[in-house]
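Enquirer: Here it is, the structure in full.
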Amino acid sequence: MKINKPKHDVNPDLAKERLKCNFNIEEVTNIIDGGKDKTVQRKKIEDIALNNGASLDEVPEECLSIKERYENAVRKSCVYGNLVRNEMLEITGIENFESPVLRRTADAFFKDISPFMLHLGMFVPTLIGQCTPEQTAEWLPKALDMQIIGAYAQTELGHGTFIRGLETTATYNPEKEEFVLHSPTITSYKWWAGGLGKTANHCVVMAQLYTQGKCHGTHLFIVKIRDLDTHMPLPGITVGEIGPRMGFSSADNGFLRFDHFRIPRENMLMKHAKVEKDGVYVKSAKHGKLTYGTMVFIRVTLVSEMSFNISKAATIAIRYSAVRRQTELRPNEPEPQILDYPTQQHKLFICIATAHAFQLTSCWLWNTFQAVLADMKKGNVDTLPELHALSSCLKAVSTSDALSHIEQCRFACGGHGYMLSSNLPFIYSFVAATRTYEGDYTVLLLQTARFLVKASEQAEAGKKLTQTVSYLNRTANADRLNWDNTHEGIIKSFQVIAAGKIGQCVKSIRDRTASGMDYEDAWLMTTVQLVGAAEAHCRAVLLNTYWSEMRKITEASSADVKKVMHQLAVLYLMYWALEKTGDLLKYSSVSKKDLDELQRRYEELLAELRPNAVGLVDAFDLRDEILHSSLGSYDGRVYERLIEEAHKSPLNDEPVNQSFHKYTKPLMLGKL
Ligand SMILES: CCCCCCCC/C=C\CCCC(=O)SCCNC(=O)CCNC(=O)[C@H](O)C(C)(C)COP(=O)(O)OP(=O)(O)OC[C@H]1O[C@@H](n2cnc3c(N)ncnc32)[C@H](O)[C@@H]1OP(=O)(O)O
Ligand SMILES: Cc1cc2nc3c(=O)[nH]c(=O)nc-3n(C[C@H](O)[C@H](O)[C@H](O)COP(=O)(O)OP(=O)(O)OC[C@H]3O[C@@H](n4cnc5c(N)ncnc54)[C@H](O)[C@@H]3O)c2cc1C
């Protein structure tokens, strides 16, 4: 398989690494893509994107002014959007518009973010999930064809987490058969929506619905905010961009204020509830939270997105570590490649394993999501709470872990990792936002904890639990698990840790209520433990899912691929067992000797994986144009690229900057 055809000679150290690799790289790539046919499809889509010169920037994105950067991003988004519409969707099928391949290939065009990302990412999914068939027929084709460009405006200046606290109102007027949208306070300004500031002409708005004098809580509305021809904001709309951010610099995250702005009745998204012409409110949803559906969808997709981002950072850091040499081990010996240091391997190999863990878990979560959607189509919403609990904790933990692993990759690249041209700061700042948006880490783990506390009480009452919490049935009465130093033993010990922590939360809440606290205060006082319990549950789910899915997916693989995939999964289990020794000591009979043995095995495993490290990141098959990294390109021309990038700095356009004559020279001459 030709991964990247390098234009230059490959760095000799990197070339040697590739000779050491003892498994079939293409086979692993096919596993990651979900099959050989999917690899072929991905490559076709990448070719379409990359054979188009429009993705190239003469001046690096980061060297442009805020306006230039946005304008360049819109230019590229239009080219990319056009390719998606005219060529790529033909390959994936239009029903797969949310295919991760389309999202990932977009990275060939943007180091930062496309201002159109939220259009396909949230606006279109909301139309699909929240419209009646008539509304779908009206809006969806226009959105997919990009005749209208949308954003998702839910968060306000005063509230993001607490959706029920949103202040924007949509008041129904039966005489005119219209809703009046209004922002009554400064805290009710819509705030943050990606693409809203300058790009979108429509948006989905979450607002408190009032009809016949009564508030019925938050509902979704589709709102045209700009004239389609002139792009001017419509009267009654104040819209703009919220200002520079840590990342997302070209996403024109926006603010929006309504001044008694009128929209037709038909613009309420009415799949789950409607307002009749006369103002009567009718709810058809069988579950109170179906309007939160787009958030669940994005939380599910983010797990795979995290796998992708970790694989990018790992590829950069591991290739760089094969090229970089530092510090004599013994006098007069050549400096070793930094990849030879076990401490470096400890920072990096877990990233490869985590990318696989998240990829396999995300496929499993996606299938669970599809099954729940199928249930809901039949009118059964019983499986939704488990999906909500699962998607909440997996979103929280995968984004948080991804962030810390990506930071480790940057540390692993020393000073050069701090350069924007390494791309690690872009990847980091993108992932930093994911820990917050679509539900903050703590908040989502507390949602999972709610579900776990109920499940634990049901287990106590002898009820049979659903699959992801069924371990509570088996472990509810277990005090301390007998430590068993096998892979299954480690997974079981994580289930016992989770069960023990959940049980301890239930006890704390009960003790507190028994001593006179009301339930809300008892819950609040226990939230630090509840977050820990939900994280422990999530770790148990991740370890179990990764291990079982890895075994399934490699059943027909060659012996060498089976071996290396198995080694990665074992590394993942051991890494987390060693990270959580305190919990293991508390909830199992593990001894110091067992832990010392685990540590020794872990260190041996790092050494066993070492010859395959470059092969494993090559298997992610990330083309240079998608990696955008001076440190991580396939040919390993690290130093040459760093110099080439330095020359692109606008400060190097002339030998002497005018500030010398204006300020520095007068200072030197005492004439300032
Ligand atoms: C195509 C791929 C693209 C990938 C990349 C995309 C990049 C996109 C870039 C940026 C996007 C950023 C977009 C955004 O951030 S949009 C804004 C997102 N905002 C949030 O996520 C807010 C988080 N807050 C909440 O979700 C909720 O407020 C809450 C924390 C869950 C609380 O809600 P509420 O107060 O209404 O509910 P309660 O706590 O009282 O719970 C009541 C019961 O409802 C259950 N519940 C809550 N939510 C859900 C749900 N979504 N589904 C099912 N059930 C839900 C909850 O568990 C309670 O159940 P119980 O049985 O215990 O009563
Ligand atoms: C880059 C980016 C893009 C975004 N894009 C969009 C978009 O397109 N559309 C959109 O509508 N929104 C968007 N958002 C907004 C985002 O969804 C919210 O910022 C997010 O949901 C967190 O809400 P918040 O900002 O209100 O944080 P807050 O809720 O104010 O959180 C602040 C702190 O309080 C804690 N906290 C809050 N509530 C609780 C609680 N109940 N218990 C314990 N601790 C709590 C949190 O853990 C956190 O530490 C975006 C945000 C970012 C950063």
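The backbone N, Cα and C atoms fix where each Cβ goes, glycine too.
Copying in the features that TrEMBL gives for the protein in this structure:
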- GLU438: active site, proton acceptor (ACT_SITE)
- THR155, GLY194: FAD binding site (BINDING)
- 24-149: domain 'Acyl-coenzyme A oxidase N-terminal' (DOMAIN)
- 292-453: domain 'Acyl-CoA oxidase C-alpha1' (DOMAIN)
- 488-668: domain 'Acyl-CoA oxidase C-terminal' (DOMAIN)
Enquirer: Give me the CA-CA distance between GLU438 (active site, proton acceptor) and THR155 (FAD binding site), in Å, as a whole number.
Expert: 10
Enquirer: If you draw a 10 Å sphere around the Cβ of GLU438 (active site, proton acceptor), how many other Cβ atoms fall inside it, taking every protein chain shown into account?
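Expert: Other Cβ atoms found within 10 Å: 22.
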Enquirer: CB neighbours of THR155 (FAD binding site) within 10 A?
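Expert: There are 19 of them.
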Enquirer: Going by DSSP, give the three-state secondary structure for THR155 (FAD binding site).
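Expert: It is coil.
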Enquirer: Mind giving me a neighbour count for GLY194 (FAD binding site)? Other Cβ atoms within 10 Å of its Cβ, every protein chain shown.
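Expert: A 10 Å sphere around the Cβ of GLY194 (FAD binding site) contains 27 other Cβ atoms.
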Enquirer: Over the domain 'Acyl-coenzyme A oxidase N-terminal' (24-149), what does the predicted model average in pLDDT?
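Expert: Result for the domain 'Acyl-coenzyme A oxidase N-terminal' (24-149): average pLDDT 93.
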